[in-house]
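Student: First the structure, which I've put down as structure tokens, then a few questions once you've had a look.
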Amino acid sequence: MSDITKKIISSILCLAAIIIINFFLPRLMPGDPVLMLTGQNEESISAAQYQSFEEKLGINYPVSIQFKNYLVNLFSGDLGYSYHYNDTVANLMKNRIPNTLQLAIPSILLASILGMFLGCTMGYTKKQRLDKSVTTAFIIINAIPSFLLAMVIVTFFAFKLRLFPLGGLNSIVVPHHAILAFGDRIKHLILPISTIVLLSLPPKYMMVRNTVKSATKEKYVLYAKARGISSFRIKFVHIFKNVCPPFITLVGLNLAFVISGSMITEIIFSINGMGELLYEAAIYRDFPTLQGCFFIISIIVILANILTDITCVMVDPKQRFGFYESN
Amino acid sequence: MKKILSITGLTIDSQLMHGSHRIVNDLSFELEQGETLAIVGESGCGKTMTALSIFGLLPENCTASGTVTFDDCNLLSLREKELSRMRGIDFVLIPQSGADFLNPGLKVRTQIYETLKRTGIKDKRILEKTACDLLNSVSFQNPDSIMNKYPFQLSGGMAQRVVLAMGLTFSPKLVISDEPTRGIDSNTSMAYLKELTSVFSDSGIVIITHDISVADYCKNIFIMYAGECMEYGDCTRILNNPSHPYTKSLIAALPINGFSLNSRKASIPQDFLNTGCTFYPHCPQSTKKCQTDKPEKQIIDQTKVWCHHVKS
Amino acid sequence: MKAIKRTSFKKEFYSLYFGIIIMIVFLLWSILPGIFSPYNPKEMFSPWLAMSLSHLLGTNDMGYDIFSELIYAASRTLFTGFCAAFVSLIIGTTLGTLSGYLEGWAGEGLDFIINIFLLIPTLPMMVVVAAFVGPGTFNIILIISLLGWCSTARAVRARTKQIKHSPFVEALTISGISEKQIVLKHIIPNLSDVIFAKYIMSVASCMLMEATVSFMGLGDPTHVTWGSMINFAFSRGGFSRGVLNWYLPPGICITLCVLSFYYINSHFEEKSKIVVNEEQSYMD
């Protein structure tokens, strides 16, 4: 079995596992599944209401039929109904997903480019001290809890220095002109995106730096030097080409981490995204919303993972030509 | 003939965790145009380090002293930028096995082109043609298909010829070939050596090898042991009439000369010794004097020998 | 030359000393909080006091002394981290060794399980499960360890595979030693350095996870941890008032703790030469 089919199969299995977890969590946990699935309190609910909920959810049916219904609902796009927000979960998501992606995608791209560039430069440099100090800085950033970093950044850049808005995606009064509105949006995005970039940079940077550092001892680098190839070309063509495949795999594996980071950043910057939704749902124990969030985020992460795996195969000639299998 | 390379008093030190360690001590040799010199020694005796010091590519923890004169300038005192301009054009490294030394992530085409681009050729068609000519000259029948392959798709011999072709791009003054015969059976290796010496007939060639039989193709031979020179001189003279005990044992160890248990006591080179002859712990003729005094250079028949037992 | 070497040699130890000293301080805080803290954590003063000599870090909205709270929170935070890491270590080692050692169907299957767990987005999953099972230190330990064992399993699996194909195991197989004995007596002892390194790193990452879960308001309400201190500061107005002395100290404590684990680990890794000159991330 080739690596890529293996990855795709495990992605599908992962999705199945998430569906199963989502289905069984409210049913197996101690407590009344009806109350859990509706997110209601025992005190606030009348017997008649309870009955109607019970029928609506089909809790009385055998588990197999419940599961079938659950799957049918899921694939027709029905993620449940949030009684806290008085809206379907699908609708809630629809408004929030673009906001989260707006933060996550630029951050992933920026962090990948920056991580690659800094990693290549620091891994190849002869200035040991520079390398050491940059690496130590990243080790420290990596140790800071994500929410704290976001809070500190807000406090200093928005609260104390007043360089950027405190939060949200727009000013209270959005400018009418399209370009001005866009500028306003960018202004609001700078701080959260740089927070997420800072959060997701260390693992990428360290991986690239370590790989480049060990690649500088490779024979092909020595030979390229002996042929008089410029160090810029050695760094960004020769070594880069060989660091790319593992790097892309890492970016794929870290996607979930970046999305978690952007969710936490949303909470701090009070941006109307999935993260804030998850946070509020967790506070109010709004289980349908929680599960819906979890399911959608998982799908995004898994799809993105498959995407990175395919990119990885396209970039790595050794995988394309089946080098690993023959050996 | 014109002298292209002359090395005097080359010493290489390496910094390790627990102190400094001498890898190469006080080497001197010369190379003329069209001459082939073999540097013979066991693994770990400092041959490759000597070659790398000419290229200025020693590992970061190593420092070289002495003089390496190439084209009237001391390579050891040149800056990295100037050296990098000369590398690959004036002096060329032919590494031991092409497959490891070519970048596995780039096509052969890219790697040949990037060397060719240093000649200033920018036109794609001329690049293509020159590259094909180069590959043809190392007897490839279908250069185009070779160029579209990745190094790991080539066989060992093919990769080695690709590397040879890349060395041919410029007509270099000095060619350093590191272990050209490693990993190839003896018939092929002889053919390869012939090819190597014929394509670079106008340049000076340094062949670094552990195999003394390679020396058949060379004019001069330089025998190293644990970072020091043992014997240096004309090849046929030394092979027919070796004076140093180490050379004698190397020749005795050749397969043609049969199998003998007593030819050497041990095979692992010792650390560099500050006093005495480096070879004395393994020398069949060692005496008290060998242990305490460094042997002086002796000249017999124009061959330089460093040994107490040889009297000029 | 020698002088340079000696200092660089010492510098390596500086980071180890740094790690050990911080670790000792935090361990003392958690074992004997009464000695270090100036007040009982439940003692009330007037709220929102600024930093002063009598209240080193001021007081919070309820009037509790923040410095005392910080010291009393150490034990819960460290306890959660160590326990969760231990449980995830056991799961990870078992599954990793088995999936690395077993051939064919079983090994592949376990490998799939590891890969599936690696794909699950951790934070949302943790929040959902924590919300369902309800707050409590024990629950949080369980959740973190059930989701945090993958990286250990992966490292152990890779190492087991490597050892399994090494000549000495082949020699043992040839001489007829039973598989059980090979795994228990020959492979697992050789994994100890990986396991140790992974344990220390996963204590760090478990602490970070606990802090995140607590920050999301799903921590144990009866015990204060550094993460929940920050959560209170965030949700009860400390953040919007810009009271740095409330939410910064617990954050710094978490950071220092994670760093100390990192440096202790990197020292031993260098010694056992698992990784040469590599810096690793807590989130892999």
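Positions of Cβ are set from backbone N, Cα and C atoms, glycine also.
Note that TrEMBL annotation is computational and uncurated.
These came from TrEMBL, pasted as-is:
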DOMAIN    C:74-265  domain 'ABC transmembrane type-1'
TRANSMEM  C:12-36  transmembrane segment
TRANSMEM  C:78-100  transmembrane segment
TRANSMEM  C:112-132  transmembrane segment
TRANSMEM  C:138-156  transmembrane segment
TRANSMEM  C:199-219  transmembrane segment
TRANSMEM  C:246-264  transmembrane segment
Student: Take a look at C:78-100, C:112-132, C:199-219 and tell me which one has the most Cβ pairs under 8 Å to the transmembrane segment (C:138-156).
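Tutor: The stretch with the most contacts is C:78-100.
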Student: Six or more residues out from either end of the transmembrane segment (C:12-36), which same-chain residues have a Cβ under 8 Å from its Cβ atoms?
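Tutor: 71-72, 74-75, 77-79, 253, 256-257, 259-264, 266-267, 270.
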Student: Would you mind listing the long-range same-chain contacts of the transmembrane segment (C:78-100), meaning Cβ under 8 Å and 6+ residues beyond its ends?
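Tutor: Residues packing against the transmembrane segment (C:78-100) from afar: 26-27, 30, 106-107, 110-111, 113-114, 137, 140-142, 144-146, 148-161, 164, 183, 187-188, 191, 195, 198-199, 202-207, 209-210, 225, 257.
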Student: Please give the sequence-distant neighbours of the transmembrane segment (C:199-219): residues at least 6 beyond its ends with Cβ less than 8 Å from one of its Cβ atoms.
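Tutor: Here the qualifying positions are 77-78, 80-82, 84-86, 88-89, 92, 122-123, 126-127, 130-131, 135, 140, 143-145, 147-148, 151-152, 225-228, 230-231, 234-235, 254, 257-258, 261-262, 264-265, 268, 280, 282-283.
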